[in-house]
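Asker: Once you've had a glance at the structure underneath, I'll fire off some questions.
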Amino acid sequence: MASSSPMFNDHAIARSKYALNSVLQQTNELHDGNGGGGYTPSSPHLGGVSLNKSQNQPYTQYNNGGGGGGGGGGHINPMHLNLNSITNNHNNHHNHHPNTLSTPHNNNHNNNNHSTSHHPHSNSVANGGHLSQSITQQRGGLADLANAVINRKNRSDSVQTKMKPTDSASNIESWAKVEKFSSSIFDSEKSKKSNIFQKYTLRLKNSYEKGYLHQHYNSQIMLLRITNLIGIVAVSYGFTKEAIFMLIAIRILCFNLFAFSIFLSFLRNRELYKKLFHPLFLFSFTTFFITILLEYKTTTTTLILFLYVVIFCCLYALGCLLFIWMVMCNLMNAICFIIFIFLESTLDRNNLISFVIYILTMFLVGASHLYVLEKFRKESFIAEKKLIKESNILKNEKEKSSKLLNNILPDFIIENIVYDFEKRDIVIPEPEEYKSCSILCFDIVQFTNMSAKLDSPSRLVDLLTQVFREFDTVVLRNGCQKIKTDGDAYICACGLKSKKKAKKQMPNSKSTPLLQSTSSTSVNNIDLDKDNKDNNNNNNNNKNSNNNFKNKNNIINNNNNSNSNNNNNNNSNNNNINNSGNDDDDEEIEDSELEHFEKLIDVAIEIMNLDVLKETGNTEGIQVQFRCGIAAGSVYGGVIGSQKYQFDIWGDTIARSHTLEQLGQPGKVHVGETIMTHKNWLKKWQYNYNIVSNSECKDQEHDYEFHKAHGECITSYFVDWKDDYREKKKKDLSCDFSINKVLNAETIESKSNNNNYNNNNYNNNNYNNNYNNNNLNNNSNNNNNEYGSSSSSSSVLGEAVTEQIDCNNTNPPLQHKKSQSILTNNENDIVSPSLTSNSPILDTTVNNNNNNNNTNNNNKNQNNIYGNNNNNEEDFKIKSKSNSSFEIEMSNIKKPKSRFIDRVMGILHHVKISNDKIDKEIIQIDEDFVKVTKLRKYFLFFENLTTEKFFHKYVIINNVVETKFFLVIGLILHLMFYLDDHIMDSAPYFNSNVIYLVMGIAFLVYIGLSFTRIFRTPLVYQIAFFILLCAFGVCTVLELIRFQNPLARSSLTRVCATLFYLNVFHSLNFLSVLFLNLFIFSFFIICSILISPTLTNHLYETDYIGFVIVLLIQICSSYGMKLAMRKAWVVNCKINFKTISVNKEKDKFNFLLKSIFPQSALTKLRDMIDTPNIETKGIVYVQPHQDVSIMFIQIAGFQEYDEPKDLIKKLNDIFSFFDGLLNQKYGGTVEKIKTIGNTYMAVSGLDGSPSFLEKMSDFALDVKAYTNSVAISRVVRIGISHGPLVAGCIGISRAKFDVWGDTANTASRMQSNAQDNEIMVTHSVYERLNKLFYFDDEKEILVKGKGKMVTHVLKGKKDLEQTNKWFTKPPEVWEVNATPAGIASPLSGTLLGEIGSFTTPRFHLSS
């Protein structure tokens, strides 16, 4: 390749008629043996084939011989593409195309289409292949695929407004839990017998039982204390009465037990009481009941019965003991009571039976109530645990998606991506134009020779991994953005600023933003532009103030700043705190391109000097040389296609950058004249950079082909650091890494500790801090050095000002291990006495000649040193036992730590910021859920009536068995009341037999109806059971109204049991239960006063007190139980809601993986996303394959004056069709790798399919047939090869699936040598497929880097049993009659401007 390095004039290009269509810059250009492009710039190309109006190529042999790199992209060197590059010979194209569309657009060409000329050679089978020969049968499939593509082409038309939500909190039906639990929460891993025991004793699995006991204890601790305190009061009251010695001894024992329980509950270490409170409670209340029996054995036994019922009604209702312990307590007291009445009382047999009935009734109703209550409690506990687990899973899935997307696509693309849950598809925003940016392109020199030195593709990939990882670090550190790597090519940019705003989810939308943009500190070029702007503002601000630290990117800019006012720092510092910059807006816009360019120059020079490029710097021991080119201007950027998403850029700027790279020299930074002649260039950069004109440009001044491609030729330049500036930059970098090496370890440790402390929340204040950072409204104008140092600079006036931190004089203690202790928050750490304000690294003052200014500015600079970055800085402020000035100075160390680590290690993968964003998203989900499930706590009613409806459905369905059981209990209770009346021969006031009969029938009817679905309706259930319980209470009161009322206390006991029974129906609304309790209580009082006035004569004050206590406790217990039930349901629904969200997040994640990576790599990549070192090493996945096939498809034939945006849209439609064809017909075997400009790359055989090569050939024929039948204004050139290669992903950012190896290089060369509508294959492919496909005779071509190669042209498939059996050889002539077949071409409107229709091809064999 010629060594001359011409540069084209930007203004000349703008005037050139070829400028519009230069947006598709990336072509399939090959490297020559010296690493140069395989095509001379004198002949513009699209996809490696010259498409000038004149098909005469003076460098044809040179073009065909392009040697090249070995990689999935190294073999494809993205190159420039001007108008000529995408324009075919207009007449030639239409005169030789075998098929035409009968559309108004083509009428001028199709009026005489019956007489269309046809050429018998390569174009004679332009529609060749099995698909073309059977186009009549297969065109429907193509049309279907095209329809699928056309439905997706309008990517900017979000589907949000077309659908209702399926996963939002407002759609209650989607998450409201009404079904029963799928499995019992009491199952264990033990035997079935053990499961039965655990099920009926409500014992959880061992892993949960301990946790529930802990929660139960903490929730009941106050109630236990109050209960024990009441026991102490009751026992103390007994001491006021005379008693026998045994009673006094038991009371003393009971008093001590209650007191000991209270004492244990107030100990700091409550573990002992947590273990003992159940047996202590059981024993203490049993002894207390024994004291009651002994005290009242000489009184009426009915009082003891009443007290027994009151005590256990309260204990069962409160549920302060676990079910099994409460049952044991009741059994022990019941046994003691029964023994007492049989041994000590003088009751007759009927009374004894009556007492036993009441005792059993209390036990039966109480135990069943507590069983259901505890079951709900434990289900709620398990639900809360499951909710935490689901929340963590949801967060992890979101983190995976976030890491994956942010590693592949820029934030301003991610925030506009929408996931359509209904169609299970992703809506990608259309590419947009970025008006002002700079592009830097790298390419390895002599990559073919370098690859030959490595004995395996794996070693090549290892080398590229090491090199590009260092590239990524440099690019990120300088605030730029990596675009992509294509094999040995590396492309980055600065200044990509999206004008699109993130799409927000519509209220009625099934589509949701895939991942919202992270916080404003994330590394995307929106923020980087802000930094650029701030850096530019800083240039002017520094005229009046000396900052402690300068931004690294301002080192160059500050050289020419006037420091004449340096001595006025005392006033100017304060004046500039609230300034937003004094630069004129026009000047900022004008200079923004310079800021981008400056950063990329620093990046390029720094990369050229990396140690990894030296023989001793990489593990392979190979010197790696790069060429690079930098250009500034506008580009189009975005994502095209429907699979294997990748961000790419197109346009004249990238084309010029590639051309500069091609025409450059190894190890030198090559730029054009336009940016160098900018009015501020020399003023800003001449003192720091060596600028050398490329004198060899004159060789190209009279090259017609070059001018035709690129416009006028003007001088280009090589840029490098000056020696003194280079040394200072080295100091800066060494200081950066020496500091950040320590800080990085501390950051990781602090983040790890913080994550271990709380997996769900990220504490932004990891360190306690006494430093009061004033809230200054400093809009980053005083932009400080993000690396903790700056370089001295010379002003135009020759006045030297030193504003640096000398890394060479860094105090040794900072480099010693002990010095790391000052960066931690450990109180035992020792602070080195040498680390004081005199330490150069800790010095925050400006070392100018005015010492007074240093003193005056010190405190002010301490306040404004971080500008408006207060939030980030709080993370790393240090707590110290020393004086406050030391604390402030120590806080200044954190600047390089936070800026560097957050940018390089944190922001890119959003380690902390993304997690905070995900936390906010989850919190937002919770907040939305809370709004829908908002509860009126005083009335226990959901504000949302739909939510209330689903809650009652849930409770009813989950309590079907309990409802039946409690109806049976009610019937038994009613029978016991009847037996009691019958045994006691009571004389009721009303005819009780009729009342008992009616209620008995009612219970039987309800029991029968409970086996139907009639009670499943919430309203029916509420009304029916309200009527039943109201009738039961009224009947019970009427039944116990007797003449003379000899059993007044037993009647009161029966009313207490009735009130208790009203509360066991958990499905009944609280307001209904409250009304029933108050109604029955009032009705009993009214009846006892009005109907049976003598009843009150048999009751005492203690009876009334006990009765009221039972009523209040029942109401409170019912409120608490139903509130807990509602909370438990909300938790279960939240689990259901988050489970749905998790599943959808998994769907999105899996869809993303499938849309970006081949199926064969998904499993390993899923695991890799979770690895800790992905934050520092990125995605590193490499897999060698011994035999796979590679294909390159180049699209050409675009119109001469198409707008760039239209060209990209047309390519998007074509590539989306290819994606759909692969997905529908060849999914799993043939995989898309990527698109490079107008070239589509695919691989076959990664899944190990034995027919991979045949399927690849079928796909090539399908693509060719599609292009010639649907997109007839296009031509394709296809190349196929097969052999070994390495596939995988490498890089810290923008890591995409790619392949490397000579097989890919060979396929690229096949494509570059193919003619229009040809499928060129290697001889090895021919040998494998000659029995299945038709091929042309072999042809020997000269390929640079490979020598002479035997190739073949694939024509069609022999096996046509499904189509035309009469074919015995490939057809030589196609005749197509323009008879409309009525099959619409969905893509024709996009590709040709209007809707067209297929013509019916009729094939005739020529003699």
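Note: Cβ is positioned from N, Cα and C throughout, glycine not excepted.
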Asker: Let me know which member of Asp411, Asp472, Asp486, Asp488 Swiss-Prot also records as binding Mg(2+) 2 at the site of Asp443, Ile444.
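Answerer: So, going by the record in Swiss-Prot, that would be Asp488.
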Asker: Take the Cβ of Asp443 (Mg(2+) 2 binding site) and count every other Cβ within 10 Å, whichever protein chain it belongs to.
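Answerer: For Asp443 (Mg(2+) 2 binding site), the 10 Å Cβ neighbour count is 30.
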Asker: Please work out the number of neighbouring Cβ atoms within 10 Å of the Cβ of Asp488 (Mg(2+) 2 binding site), leaving out its own Cβ.
Answerer: 33
Asker: Same-chain Cβ contacts of the transmembrane segment (220-240) under 8 Å, 6 or more residues past its ends?
Answerer: 247-248, 251, 254-255, 258-259, 261-262, 265, 270, 277, 281, 284-285, 288, 291, 295, 318, 320
Asker: Can at least 3 Cβ pairs under 8 A be found between the transmembrane segment (353-373) and the transmembrane segment (992-1012), with each pair 6 or more apart in sequence?
Answerer: no
Asker: For the transmembrane segment (244-264), could you work out the same-chain residues 6 or more beyond its ends whose Cβ comes under 8 Å from its Cβ atoms?
Answerer: 224-225, 228-229, 231-232, 235-236, 238, 270, 272-273, 276-277, 280-281, 283-284, 287-288, 290-291, 294-295
Asker: Please average pLDDT over the topological domain 'Cytoplasmic' (1399-1407) for the predicted structure.
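Answerer: A mean pLDDT of 30 is what the model gives the topological domain 'Cytoplasmic' (1399-1407).
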Asker: Please work out which recorded stretch in 276-296, 963-979, 992-1012, 1018-1038 has the most C-beta pairs separated by under 8 angstroms from the transmembrane segment (325-345)?
Answerer: 276-296
Asker: Near the transmembrane segment (1018-1038), which residues from the same chain, at least 6 beyond its ends, have a CB less than 8 A from one of its CBs?
Answerer: 949, 952-953, 956, 970, 974, 977, 989-990, 992, 995-996, 998-999, 1002-1003, 1006, 1009, 1054-1055, 1058, 1061-1062, 1065, 1067-1069, 1072, 1076, 1079-1080, 1083-1084, 1087
Asker: By a simple count, how many Cβ atoms lie within 10 Å of the Cβ of Ile444 (Mg(2+) 2 binding site), its own Cβ left out?
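Answerer: Other Cβ atoms within 10 Å of Ile444 (Mg(2+) 2 binding site): 28.
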